[in-house]
Amino acid sequence: MTIAKTRPVSDYPPGGDAFRHRHLIGIAQLTPWEISYVLDAAEQWVDLNRAGAAKHDDALAGLTIINAFFENSTRTLLSFEIAGKRLGADVVNMHAAQSSVKKGETLIDTAMTLNAMRADALVIRHQSSGAVQLIADKVDCPVLNAGDGRHEHPTQALLDALTIRRRKGKVEGLTIAICGDVLHSRVARSNILALTLLGNEVRVVAPPTLTPPAIERMHVTTFTDMNEGIRDADVVMMLRLQNERMDGAYLPSAREYHALYGLTPKRLEKAKPDAIVMHPGPMNRGVEIDSSVADDPVRSTITEQVEMGVAVRMACLDILTRRKRKIPGWA
Ligand code: CP
């Protein structure tokens with residue numbers, strides 16, 4: 001496995017000029033340098049996390065982080081919780097299904113309630129695009145978007161970029177095919193923004209019904225033929241078929257979708273011989289990806305993506321609370 005060299009701290013503007021944002025709402029607000037800054041900050045946590053110590057740092061000691069999830073999650077929720085705890089923070093999880101949201105409390109009232117409890121950072125997942133920005137506009141603390149509707153999932157794109165950089169030695173000048181249910185995918189949107197910004201050729205491979213209108217405006221090339229779309233790609237990123245967001249007949253059947261768009265060992269031969277296979281999870285095995293590809297120990301990066309998720313979320317929590325912690329230069 002190759003691991004790209006990180007840039008030295010001296011390469012970046014000093015203090016808060018390296019990352020100017022109070023919140024992390026989307027990749028759309030970030031510059032290539034800010035993305036690179038987060039990836040380099042995350043890199044330092046990877047080895048420490050592998051060393052297995054339960055707690056690595058007290059940087060966030062005394063801070064309270066609230067993870068408020070209005071939609072289900074395994075990877076994002078748990079990795080934000082682990083990230084906060086490894087930095088010494090107190091972490092509280094609010095699951096909407098067991099909260100007063102079920103009694104009809106509005107999103108804004110819920111946000112104001114969490115704000116009144118003096119949270120030091122809020123991590124929000126919500127089924128509606130724009131909901132996280134709405135909360136960020138109302139509260140006093142940093143807000144991190146853990147996925148909002150079809151809009152953005154910025155920490156997923158950052159952990160994917162870190163995974164690519166570690167596997168390929170760089171995250172620029174690569175051909176990256178993002179395949180499947182692009183229409184419903186915030187992961188696709190954030191990844192397209194991040195990977196084009198970093199200077200990669202990004203292809204979108206999807207059936208016409210699952211290709212967002214005017215997606216070419218995001219500087220991608222579109223394909224409806226999977227074999228053509230992944231030809232000579234360095235990275236094949238598969239997406240979950242999001243049946244829960246489909247309110248009509250987008251596809252004839254899962255079986256037909258697999259026949260045309262499923263990633264099989266035979267189809268993967270069209271990509272470069274050393275192409276890596278990514279998937280944000282959760283997977284529909286046998287639909288968008290065969291188990292033999294997903295579990296390929298050499299080409300699949302799926303468990304590594306989960307691992308990088310903890311390091312990236314540690315970096316994001318650390319960076320976004322620096323102003324609150326009055327770190328010199330981060331006023
Ligand atoms: N990739 C991702 O967001 O997974 P979860 O829904 O399990 O958090």
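In case you wondered, yes, glycine gets a Cβ from its N, Cα and C as well.
Automatic prediction, not curation, is the source of TrEMBL annotations.
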According to TrEMBL, which candidate in ARG50, ARG125, ARG255, ARG299 joins ARG75, THR76, HIS153, GLN156, GLY281, PRO282 at the carbamoyl phosphate site: ARG125
Candidate binding-site residues ARG125, HIS153, GLY281, pick with smallest Cα gap to ARG240 (L-aspartate binding site): GLY281
Alpha-carbon spacing, HIS153 (carbamoyl phosphate binding site) to ARG186 (L-aspartate binding site), which is rounded to whole Å: 6
Model confidence over the domain 'Aspartate/ornithine carbamoyltransferase Asp/Orn-binding' (172-318) (mean pLDDT, whole number): 95
Listed binding-site residues adjacent to ligand 1, that is, members of THR76, LYS103, ARG125, ARG186, ARG240 whose C-beta is under 6 A away: THR76
Sparsest Cβ surroundings (other CB atoms within 10 Å) among the binding-site residues THR76, GLN156: THR76
